[in-house]
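Visitor: The signal peptide annotation in Swiss-Prot covers 1-16 and rests on sequence analysis. Under the heading N-linked glycosylation site, Swiss-Prot lists Asn104, citing sequence analysis as support. The disulfide bond annotation in Swiss-Prot covers Cys126-Cys224, Cys136-Cys180, Cys170-Cys213, Cys272-Cys320. As annotated by Swiss-Prot, active site applies to Cys139, His278, Asn298.
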Amino acid sequence: MKWLVGLLPLCSYAVAQVHKDPTLDHHWNLWKKTYSKQYKEENEEVARRLIWEKNLKFVMLHNLEHSMGMHSYDLGMNHLGDMTGEEVISLMGSLRVPSQWQRNVTYRSNSNQKLPDSVDWREKGCVTEVKYQGSCGACWAFSAVGALEAQLKLKTGKLVSLSAQNLVDCSTEKYGNKGCNGGFMTTAFQYIIDNNGIDSEASYPYKAMNGKCRYDSKKRAATCSKYTELPFGSEDALKEAVANKGPVSVAIDASHYSFFLYRSGVYYEPSCTQNVNHGVLVVGYGNLNGKDYWLVKNSWGLNFGDQGYIRMARNSGNHCGIASYPSYPEI
């Protein structure tokens, strides 16, 4: 795996310089069992254990502060608890905002429209199950297919998981995408338009690695006629699009420990920037305990966050860049 090379110096340092906390042995073993963690060498396990202990301390202190009303969300030691923030983004982020970005904003707002206070497209059967991208930076592909899956459901009444692997393998150099090394949602939509379709997940399953393009038009599950980009940084436009059109692909800054260890509540990270690095899907919005939020579907499996979802702060100055690059496809 990509992180192993960078981990080698850390392994040597960990064995030579740092000692594990023996009082955490039971909980370490329990956590490994819970998430089926296995390590090839003792040095690797020691290094992972030390990262895990550091993350555990971070989680415990954060949750203590949460109990005192200092945070609007709490954290948990999920399956990513033995990784650093840099590793998580290196493996699972890899968003590639196209260079010389030329925004083609075609969205027309209806500012006089009364929008619902809350929306959740899961309740309308327009959102497929949470996926797990593994150690492949295909977040952009999962965000793109998630948005198109909803449009397919709205048009045909059928909810079908579409193939992220189709995008990883086929939406490549011409579109500026690099498969597991990153891509972008609008260029994925453009590929589907040019290709006259995308296969289903069932016919073209996810492999979490780059492969040869195997698109089969006979197994085409959906098409895309165009896509729409929203105005940069406008949370009002994003809210309107989510309410009226369906789930929207967005890009966010997900590089913080607080993000990948999020468990519940409304995520607000003061150090979050608008330098986006991860593609996700906004499937709704609402208010929880007086905090406005975006309901976001991630692609890090069910063990991430709240069953694979995170509520991110809304109306907080384009927090984490969530309204910087929104787009949605149409069939």
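One-based numbering along the chain as shown.
Quick reminder: no glycine exception, Cβ is built from N, Cα and C everywhere.
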Visitor: In whole Å, how far does the CA atom of His278 (active site) lie from that of Cys139 (active site)?
Guide: 6
Visitor: Taking the Cβ of Asn298 (active site) as the centre, how many other Cβ atoms fall within a 10 Å radius?
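Guide: Its Cβ shell of radius 10 Å holds 28 other Cβ atoms.
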Visitor: Given the disulfide-bonded residues Cys126, Cys136, Cys224, Cys272, Cys320, which one's Cα is the least distant from that of Cys213 (disulfide bond)?
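Guide: Among Cys126, Cys136, Cys224, Cys272, Cys320, Cys136.
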Visitor: Have a look at the recorded positions Cys126, Cys139, Cys170, Cys224, Asn298 and say which one has the shortest Cα distance to Cys180 (disulfide bond).
Guide: Cys139
Visitor: Select one residue from Cys170, Cys320: among these disulfide-bonded residues, choose the one with the most other Cβ atoms within 10 Å of its Cβ.
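Guide: Counting every other Cβ within 10 Å of each candidate, the maximum falls on Cys320.
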Visitor: Taking just the CA atoms, what is the gap between Cys126 (disulfide bond) and Cys170 (disulfide bond) in Å?
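Guide: Cys170 (disulfide bond) has its Cα 25 Å from the Cα of Cys126 (disulfide bond).
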Visitor: Counting only residues 6+ apart in the same chain, whose Cβ is under 8 Å from the Cβ of Cys136 (disulfide bond)?
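Guide: Non-local contacts for Cys136 (disulfide bond): Leu91, Met92, Val168, Gly179, Cys180, Ala208, Met209, Asn210.
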